[in-house]
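Peer 1: Here it is: the structure, laid out below.
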Amino acid sequence: MAPVDPHSFTDSAHPFTTHIHLSFYFDFPSSTIHSSALLSLSSPHSGPLFLDTRSLTLLSVLDPQTRNPLPYSLSDPDPIKGQNLVVSLSNHSSVLVVYSTTPASSALQWLNPPQTFNKAFPFVYTQCQSIHARAVFPCQDTPAARIRYSARMNVPRQLSAVMSARHVDRRPPVAGEGAALPCGDALWCAEGRVVEEFVMEQPIPPYLFAFAVGELGFRDVGPRTRVYSEAAPAVLEAAATEFAGTEDMIRQGERLFGDYEWERFDLLVLPPSFPYGGMENPRMVFLTPTVIKGDASGAQVVAHELAHSWTGNLITNKTNEHFWLNEGFTTYAERRIVEVVQGEERAALNIGIGWRGLNEEMERFSDNMEFTKLKTKQEGVDPDDVYSQVPYEKGFQFLWRIEREVGRPAFDEFLKKYIATFKFKSIDTEMFLEFLKTNIPGIETKIDLVLWTEGTGIPPDALEPISNIYTKIVTLANEFKAGRVPGEDEVADWQGQEWELYLENLPKSVEASQILALDARYRLSESKDYEVKVAFLQLAISSGCSQYHGEVERTLKEVGRMKYLRPLYTALVQGNGRQEEKIFAKRVFTEARDCYHPIAQGVVESIFAKHM
């Protein structure tokens, strides 16, 4: 008996769950879901079964056949893993858990009508990566245990539901369906309720379980793609325009990596509080509205989430300690798609921005270099606290290094074989390296595979990108140090990415007068592109320009994407003698906190704990 994952109570001696059937009654006034979960096991089991839970109110654990109670106990809460639900089984191959979620669920964000676009109806959505599925339903919450699932979702009739699953039906509630639930049949079948049914037929890791319920609208943008958002024409039209090229991306992905196995690739643009740029939930990618930039450059986030359809969703890291297998491969795949669809210069810009980000993460983890490795040790570590660009960008650099060694045609053949071999499986770094050495004999004599996967820092054979536009931007950034602001003719054709790369290559702290001169000419603090605006505001904070505090406050209250919250709050509270900024940061967070997803709230609180 041994745990299979440092972030889960799941035990190697117990059978894995293969299917979960869920019944959900959404009670918006109390921010809870009254639920039941029927877990089917891979084989009959006698003895204890360990399930991960967090912030759930358990009502009963039953034998599904007889409805007799099964003995169970709950461990004391672990700050990272939650509570171990230990169920005693006697040759059982399934178990039924009846429970309710609580408003403290780390996976769910409930939005009141004033927090939505139309301000008429409430909204709720999930974010289950990395280890938050356990806050929606009891499960073996490890990517090592892949599940199929089906769901019945009982919602108010004015609302609709979407899931990372195939939609089967929207129908009236049926008497008897809610009898075993905490809400009972009376509420389940009440006037004004409707049931939406879904099924996920491919086995997925639990962190890819996802749903959203609200006043939703949609536009079709391709034969396999529908864009959903809150039912506001302005948002829907902007999203449909931004992502009009999605089908072309899917075709390029198939050409590079093999068949698209998930049938549909729909997109849901969430409210601004969504904590990530995108989440690759199969069949239904979740996106932040900040990727709608008006110039189709937001489609690069879509390219990344699409690439996950092969690397991450189809082949999954066995635990978060091997997260680079998801994100390094996906970053590589994303850039290959971008290169074909948007050109080599655009892909080189992406690599350059990533290179700067990787070097910044080396500084961030300078006091804990463990998290500059690809293969990490995360026992006793909350994966949300150490989430970074390292698995993305160092993982990309590793695969790019292999590509340079063997040549692109050979590496493309290797990738297709890798995906075909491991699809619908969860693997670790050792399995990948074994496959690599078997299929590219002698690679370990050309590339130090141990240094790349287990070494700290950036290996000496990593490569800064080379391209005309990249070199020009870095040169201009170096000239800024000597007081030269780029001329309007030099930046006339720049989009958000060019400005982002320029700002990221400036010194971390410059004269306040230089910041003001740059902004006076190019109004970067007012950019509609949050990547540009946040990079500029970060520079302004570290250069002591307190006149931008108003724009910083507006930004921190407008969006909940952690890519923006983390650097802005860190810049405000990092270092000595920043008492005024620390008070400012604390006040803004207090006022904005309820608009952030619980995951983002926790990340900001951990920044404060470290620096205040």
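Note: Cβ is positioned from N, Cα and C throughout, glycine not excepted.
TrEMBL labels come from automatic prediction, so no person has curated them.
The following feature annotations were taken from TrEMBL:
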BINDING   Q127, C128, Q129, P275, Y276, G277, G278, M279, E280, R561, M562, K563  peptide binding site
BINDING   H304, H308, E327  Zn(2+) binding site
ACT_SITE  E305  active site, proton acceptor
ACT_SITE  Y392  active site, proton donor
DOMAIN    468-608  domain 'Peptidase M1 leukotriene A4 hydrolase/aminopeptidase C-terminal'
Peer 1: Cα of E280 (peptide binding site) to Cα of E305 (active site, proton acceptor): how many Å, rounded?
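Peer 2: Approximately 5 Å lies between the Cα of E280 (peptide binding site) and that of E305 (active site, proton acceptor).
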Peer 1: Given the recorded positions H304, E305, H308, E327, Y392, tell me which ones have a C-alpha lying within 10 Å of the C-alpha of G278 (peptide binding site).
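Peer 2: Near G278 (peptide binding site), where near means Cα within 10 Å, the recorded positions are H304, E305.
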Peer 1: Whole-number Å only: compute the distance from the Cα of H304 (Zn(2+) binding site) to the Cα of M562 (peptide binding site).
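Peer 2: Answer for this pair: 17 Å between alpha carbons.
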Peer 1: In Å, rounded, how far does the Cα of the residue listed as 'active site, proton donor' sit from the Cα of E327 (Zn(2+) binding site)?
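Peer 2: Cα-Cα distance, the residue listed as 'active site, proton donor' to E327 (Zn(2+) binding site): 5 Å.
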Peer 1: With the Zn(2+) site defined by H304, H308, E327, which remaining residues of that chain have Cβ atoms positioned within 8 Å of the Cβ centroid?
Peer 2: E280, E305, A307, T311, G312, N326, F329, T330, T331, A333, E334, Y392
Peer 1: For the domain 'Peptidase M1 leukotriene A4 hydrolase/aminopeptidase C-terminal' (468-608), what's the mean pLDDT in this predicted model?
Peer 2: 93
Peer 1: Determine, to the nearest whole angstrom, how far the Cα atom of E305 (active site, proton acceptor) is from the Cα atom of E327 (Zn(2+) binding site).
Peer 2: 10
Peer 1: For peptide, with binders Q127, C128, Q129, P275, Y276, G277, G278, M279, E280, R561, M562, K563, what's the maximum Cα separation in whole Å?
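Peer 2: Pairwise Cα check on Q127, C128, Q129, P275, Y276, G277, G278, M279, E280, R561, M562, K563 gives a maximum of 17 Å.
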Peer 1: List the Cα distance (Å, whole number) between M562 (peptide binding site) and H308 (Zn(2+) binding site).
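Peer 2: With the alpha carbons as reference points, the distance is 20 Å.
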Peer 1: Could you state the whole-number distance in Å separating the C-alpha atoms of Y276 (peptide binding site) and E327 (Zn(2+) binding site)?
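Peer 2: For Y276 (peptide binding site) versus E327 (Zn(2+) binding site), the Cα atoms are 14 Å apart.
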Peer 1: Per DSSP, what is the residue count of the domain 'Peptidase M1 leukotriene A4 hydrolase/aminopeptidase C-terminal' (468-608) in each of helix, strand and coil?
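Peer 2: DSSP classes over the domain 'Peptidase M1 leukotriene A4 hydrolase/aminopeptidase C-terminal' (468-608) add up to 102 helix, 0 strand, 39 coil.
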